[in-house]
Amino acid sequence: LFLWLGITDYTVHAYVSLTASIATVLLVLFICLLRKVWLKPRTMHRRTENDAKFSIHFLTVLFYRLKKCYHSIFVIKWSIFWAISTCGYLQVVNYIQLLWSKLQDKNDNSTVYNGITEAVNALLGAGVAFAVQYVHLNWALIGDMYLFMISIVQAIFLITLSQTLQMTIAYILYILYCLLYQTSITVCTYLIATHAPKRYHALAFGSNTFIALLLQTVLTLIVADSNGFALDISSQFNVYGILHGTVSVFYLISGIVILAKHWPINWNAFLETDEELNESKNANEAITAA
């Protein structure tokens, strides 16, 4: 927005980002130093002596909690979507500026709206994420088909985005793609909070995010890094689109199987029951508290 209004330039934004990164690192180091000062020497000595035993115990407890956290196929399916969808979303957000820059070079007379597009995207995303809480559907029945539709539409958007030569279309497709992600990730958060034990919510969300970042790192090394294929930016977005399309096939098959098991289906079956509504309320309260 500041770029669009002419208040600042890219150099100022680079300095702000650098300063914020340095401040974050210094803050983390400061907190670590405080922790060492406050930690009792006796506790440190005991931990050092029993380090191997502690590590084994930690891994055992972690495995047990992960097993409790991902206790159902339902949670696993939505967690898989969370991880892969977030991986693709982060790649798109990180590299969209390069794609826009390429298009702007081909359209010398086009006006740059990169900043205002990001601002509109953030505002609409917040609104959509807030509105999703008022949608009450039987996700156990139609959830997989919903994920299929989200994934296939995102794939179409990304592949079209990689081929278009119009800046306006590129801006619109980017906003729509991000809106679909914000909607689906909000539903994922709510459903995992509903079906996973409350004490393991942080573990579930943290694990899913960690896997997403791990997948993003691998994807970056494969498609963007010089040690990988080092694809051009348009080809990269094609790969991201294919990734979403591949995910959609899995959820299409799973969705068809679920619907076939409940066939014929009454239209009322697509709505949440009173018990599920109460679970939704409790999940929203848990997310808000977290």
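Placed from the backbone N, Cα and C atoms, the Cβ positions cover glycine too.
Summarising the annotation, TrEMBL assigns transmembrane segment to 12-34 (among others).
Feature annotation from TrEMBL assigns transmembrane segment to 74-92 (among others).
Per TrEMBL, transmembrane segment is recorded for 112-134 (among others).
Summarising the annotation, TrEMBL assigns transmembrane segment to 146-165 (among others).
The transmembrane segment annotation in TrEMBL covers 171-193 (among others). Tertiary proximity for the transmembrane segment (171-193) is limited to same-chain residues at least six positions away from its ends with a CB under 8 Å from its CB atoms, namely 74-75, 78-79, 81-82, 85-86, 89, 92-93, 96, 113, 117, 120-121, 124-126, 128-129, 132-133, 139, 143, 146-147, 150, 153-154, 157-158, 160-161, 164, 201, 204-205, 208, 280, 283-284, 286-287.
Look at TrEMBL and you will find 200-224 (among others) tagged as transmembrane segment.
Here the transmembrane segment (239-260) has Cβ contacts under 8 Å with residues 77, 81, 84-85, 87-88, 91-92, 140-145, 147-149, 151-152, 154-159, 161-162, 219, 223, 231 of the same chain, all six or more residues outside its ends. According to TrEMBL, the transmembrane segment annotation covers 239-260 (among others).
Long-range contacts of the transmembrane segment (200-224) within the same chain, counting only residues at least 6 positions beyond its ends with a Cβ under 8 Å from a Cβ of the stretch, are 65-66, 68-70, 75, 79, 82-84, 86-87, 90-91, 95, 189, 192-193, 230-231, 235-236, 239, 243, 286-287, 290.
Outside the transmembrane segment (146-165) by six or more residues, the chain places 77-78, 81, 85, 88, 92, 99, 103, 106-107, 137, 139, 173-174, 176-177, 180-181, 183-184, 187, 234-238, 240-245, 247-248, 251-252, 255 with a CB less than 8 A from a CB of the stretch.
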